[in-house]
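**Student:** Below is one structure. I have some questions about it.
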Amino acid sequence: MLSSQTLFLGTVICLVLTFVLSVTSLPTEAEKGRRKVVHVLEDDTGAVIVQTAPGKVITHRGGSITLPCRYHHEPESSDPNRIRIKWTKVTDALVFEDVFVALGLQQRVFGSYRGRVSLEQNGPGDASVIIHNVTLEDYGRYECEVTNDMEDDTGFVNLDLEGVVFPYYPRVGRYKLNYHQAEDVCKEQDAILASHAQLHKAWLEGLDWCNAGWLEDGSVQYPISHPRDQCGRKDTPAGVRNYGYRHKEDERYDAFCFTSNLNGKVYFLKRFKKVNYAEAVKACLRDSSVVAKVGQLYAAWKIQLLDRCEAGWLEDASIRYPIVNPRTRCGGPQPGVRHLGFPDLKFRLYGVYCFRKNQENVNVDVVKLTQRPGKSSKDIPMNTTATINI
């Protein structure tokens, strides 16, 4: 049994790794060797001083990613079964969502992370976790906390996603959405509300939109690359205009949505005749697919470089088409997804964009993690009991 003085000196030291991963597979040994280590020191009073540096890891929806965290404790003979590792997701509103906790050999995974999160276990002192089959909702900031009896320390890792931001308003018109409705319409279009960082990055890449929209933190903003009098005066500098945090129930704006990689393919269905909306739905179904959502078309344009100068129906009954290489009679000099509005559902003036999900795109790592032959993931017992104190 260690004395209290020894335990006091046995401060857990967390090492935050800031190497940025831009691949979806697990890191190679060479990549692990290039990670930058940020040390946590202890001053003369015994208080823990954390030296941190900004860092993030990058993947896309459907990929696997390591959230890196290492720790060191003194004396080295401390019992590893008394080390508790806890991962938590932290939102802008300082709401903490439990992700993973381990105490010795006992482990527990929470909520939507069940069946997708495991310890990397790359030697002593490794508190890193691997997230498989990454979702849009996994985007954000994570806290790694390591505790040894009465001593603990934390480090932070940001999980970023490759993807595209797009403005959205529904058929009923512009400035019709409160915050919760904006969340819903983004989800309906295979997306989530964008963050300020995602919108700012999109602005740096040239996004210019003269209508304010909700972001995931409850603020209302809009990006202007080409200042003009109709969009906050011509003599103001370019940038992301910010209305601040607005009342989530009462105020109405558009939405800025974010989506990432597709587990499938968007394509323009070749037909000899134009179709109305109901005929478009049936045509995609006959082709073993469904009418594409707006977020899916944007992802196909941005990530799969879909380029088609033909207007077509989408799932929300809007008419759009993606242009990667601008050309004459294809909607202007800039690349983008052209939007022709929401016509009468009976009009037979357009084609249709369909989405077919990949049947073979199964994440082998997730299958190994969550399934055994002849059993579903619900049948698999967790390596944990309710005795783990989170």
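Every residue, even glycine, has its Cβ placed from backbone N, Cα and C.
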**Student:** Can you look up which of Cys284, Cys330 is joined to Cys309 by a disulfide in TrEMBL?
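**Tutor:** When TrEMBL is consulted, Cys309 turns out to be bridged to Cys330.
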**Student:** Where TrEMBL annotates a disulfide for Cys231, which of Cys210, Cys257 is the other cysteine?
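**Tutor:** Going by TrEMBL, Cys231 is disulfide-bonded to Cys210.
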**Student:** Reported in the order helix, strand, coil, what are the DSSP residue counts of the domain 'Link' (264-356)?
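**Tutor:** Residue counts in helix, strand and coil order: 19 helix, 26 strand, 48 coil.
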